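Engineer: Copied straight from TrEMBL:
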BINDING   B:HIS99, B:HIS200  heme b b562 binding site
BINDING   B:HIS113, B:HIS214  heme b b566 binding site
BINDING   B:HIS219  ubiquinone binding site
DOMAIN    B:15-227  domain 'Cytochrome b/b6 N-terminal region profile'
DOMAIN    B:230-407  domain 'Cytochrome b/b6 C-terminal region profile'
TRANSMEM  B:45-73  transmembrane segment
TRANSMEM  B:93-118  transmembrane segment
TRANSMEM  B:130-151  transmembrane segment
TRANSMEM  B:157-175  transmembrane segment
TRANSMEM  B:196-217  transmembrane segment
TRANSMEM  B:250-271  transmembrane segment
TRANSMEM  B:316-334  transmembrane segment
TRANSMEM  B:346-365  transmembrane segment
TRANSMEM  B:371-396  transmembrane segment
Amino acid sequence: MVRTIALLIGAAFVAALGFALFGTIKTAITDPAPESAEHVFHVHPEDIGLKSAGLLGKFDLQQVQRGFQVYKEVCSACHSLKYVHFRDLTKIGYSAGQVKAIAEAWVIEQPTINPETGEAATRKNVPADPFPSPFANEIAARAANNNALPPDLSLITKAREDGSNYVHALLMGYRDQPAELVKDFPGSKTPKGLHYNPAFANLNIAMPPPLTQDGQITYADGTKATKDQMARDVAAFLTWSAEPNLESRHGAGLATVVFLAIFLFLVWGAYQNVWRDQKH
Amino acid sequence: MSFPWAKHYEPKQPLMRWLDEKLPLPRLVYNSIGAGYPVPRNLNYWWNFGVLAGVALVCQIITGVVLAMHYAPNALVAFGSTEHIMRDVNGGWFLRYAHANGASMFLFVVYVHIARGLYYGSYKAPREMVWLLGVVIFLLMMATAFMGYVLPWGQMSFWGAQVITGFFSAIPGVGETIRVWLLGGFAPDNAALNRFFSLHYLLPFVIAGVIILHIWALHIPGSNNPTGVDVKGEQDTVPFHPYYTAKDGVGVGAFFLVFALLVFFAPNLLGHPDNYIEANPLSTPAHIVPEWYFLPFYAILKSFTFNFLWIPAKLWGVLAMFGSILLLFFLPWLDSSPVRSASYRPKYRVFLGVLLLDVLVLGYVGGAEPIARNVIMGQIASMYYFAHFLIILPWISRSERPLPLPTSITEAVLAKHGETAHAEPALAH
């Protein structure tokens, strides 16, 4: 009885699938899906070899500090960093005093309430504050950016496939739209107000090129600020901001794995010992 | 329960004797996972995975309970509270990565445990109840894992919840009403997040309860073994402790080593980048995919692309997806072969190998883009999945001619060592 019912149900599913299979093959032959411009022209990021990549990677704090400078002088005009606090900067090598000075001098102030009138106001940042958003809210951000919303950057390198390399590739990816793209895919011409960038998933990004020329900023440590250097450095900084505990994770991981390897060896020895007289 | 030669619990300490009279809990442990439980002597490492699943559940409960002390189940702050755990809670990153990857470890060892059962016929008489309870545990785990994935309230959390609860809207007539009732709204929102959190906290303890029943049901006939031959006498078994506690210890060591490598060196390997973007009902991700352990079932769901007979494609997909798991409940009666172990079933073994490959193909298709090639692969693989359990297995279990079975476990063990049963009579000592 069970087997008869099973046979009938099995036959029904196989028949429904067979029918769907036939339909899929027929559609694939008579009406194949057209190739898309994204499919042909999208480029995957190349490896920029950050020191934090790899099994036991550590941050290059000098580079992360330079990247912070790029964020501060370029990105922070539009992008928030809301899950990072000023106090976190002590972890990339700034002293408590420096952090206090950075927070106090930050151009965008922290929203607060006027204690006398109860009206909305702003005050200077302190180390305990998160980085303030450059816009009061999403509508203000969109209004200032051609209706596009600049994403928060705290987690950006974890929120994109191959994120650290992606940030560099995106910043370096701006170029004129290739003539053959427009020729092959006339519908995919970059719309007005967007910018062609093959590192971006759909090829057209709302963000105008943020790094426009070498020497756009002057690095505090004297490193030559080429476009490529700035893109690498800010990628390093955003890798830190997304995963600030990476170094302690790697360190704890090494200790744990060594411990467990010894544990496994001892347990295996105990197992051999317990079973030494038993055939199995 | 258990064999007549099982060792008896004899407390020597006065305190333990007193305890045994009032509450014989140590006796229960002794008889379940101590020296009082005789186990076939020939279990291989595939038998470690049941214990490993228990270890994984304990890890999930411990990390989960602590995470719940810091997490806020409210749609406005859930994503931020997860980041607070990652950045500001002492060791919070470890707790969260251990819990997220712990789910993968749990599902992985359970899949191996199920595959072990399929190969060695552990679902057959007299262990049908063990198998049925196991399928119940598997279903509870899937529900728990799904609801847990929703809690960080990232993009995949939200859209995964949208897709999965959307299954209920495939029910003719009342489907949409049921979906709205389950979610507490027209789309996943605060009401859904709150109930998911509540159930995500509850279900692991239900799982723990069903595990107790699972082990209880197992101890009535005793453990199966790689030959599938019944235990004939004392020489076929060894006490669980110290023999299998030692062997399981090796498995536990290897389990934690793999677990540590994932947590410390590749914590986001099995996750999806989109779940680091806060949930946004107005922006649909390019590809909505579930976690890896649901991909084969997701592939079955997606394979029904055309309406057939009077049933719409979506309903076919949902029926098939639930059916693909529910059919496991009938497995002990679909397979009528009296031989348990696939080692002695030359044809079943081949089809089981194909099934394993088939499920891997389904897993690939479940996560791949729905281009024609992948859809076709998924449809063929889904056909085989149902054909295997519902058509091939009932047929083959009658038609195949099994290989000769060893007369006892001891004989099989000695044959492996190139000896005969008479050569070494004092085997159990």
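Every residue gets a Cβ built from N, Cα and C, even glycine.
How buried are the listed features, and what sits near them?
Structural biologist: Summarising the environment of B:HIS99 (heme b b562 binding site), the number of other Cβ atoms within 10 Å of its Cβ, over all protein chains shown, is 20.
The local packing around B:HIS113 (heme b b566 binding site), expressed as other Cβ atoms within 10 Å of its Cβ over all shown chains, amounts to 21. In the three-state DSSP reading, B:HIS113 (heme b b566 binding site) counts as helix.
Taking all protein chains in view, 15 other C-beta atoms sit within 10 angstroms of the C-beta of B:HIS219 (ubiquinone binding site).
Here the domain 'Cytochrome b/b6 C-terminal region profile' (B:230-407) returns a mean pLDDT of 94 for the predicted model.
Counting only same-chain residues 6+ beyond the ends of the transmembrane segment (B:93-118), those with a CB under 8 A from a CB of the stretch are 46-47, 49-50, 52-53, 56-57, 59-60, 63-64, 66-67, 82, 85-87, 131, 134, 137-138, 141, 145, 148-149, 255, 258-259, 262-264, 267, 270-271, 291-293, 342, 352, 355-356.
Within the same chain, residues 115, 118-119, 292, 295-297, 299-300, 302-303, 337, 374-375, 377-378, 381-382, 384-385, 388, 392-393, 396-397, 399-400, 402-403 sit at least 6 positions outside the transmembrane segment (B:346-365) and bring their C-beta atoms closer than 8 Å to a C-beta of that stretch.
Away from its own ends, the transmembrane segment (B:371-396) comes close to residues 299-300, 302-303, 305, 320, 323-324, 327-328, 331, 334-337, 347-348, 351, 354-355, 358-359, 361-362, 364-365 of its chain (Cβ-Cβ under 8 Å, at least six residues beyond either end).
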Engineer: Which residues in the same chain, at least 6 apart in sequence, have a Cβ under 8 Å from the Cβ of B:HIS214 (heme b b566 binding site)?
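Structural biologist: Spatial neighbours, sequence-distant, of B:HIS214 (heme b b566 binding site): B:VAL130, B:LEU133, B:GLY134, B:ILE137.
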Engineer: For B:HIS200 (heme b b562 binding site), list the number of other Cβ atoms lying within 10 Å of its Cβ atom.
Structural biologist: 21
Engineer: Of B:HIS99, B:HIS200, B:HIS219, which is closest to B:HIS113 (heme b b566 binding site) if I measure between C-alpha atoms? They're all binding-site residues.
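Structural biologist: Given the candidates B:HIS99, B:HIS200, B:HIS219, the nearest one is B:HIS219.
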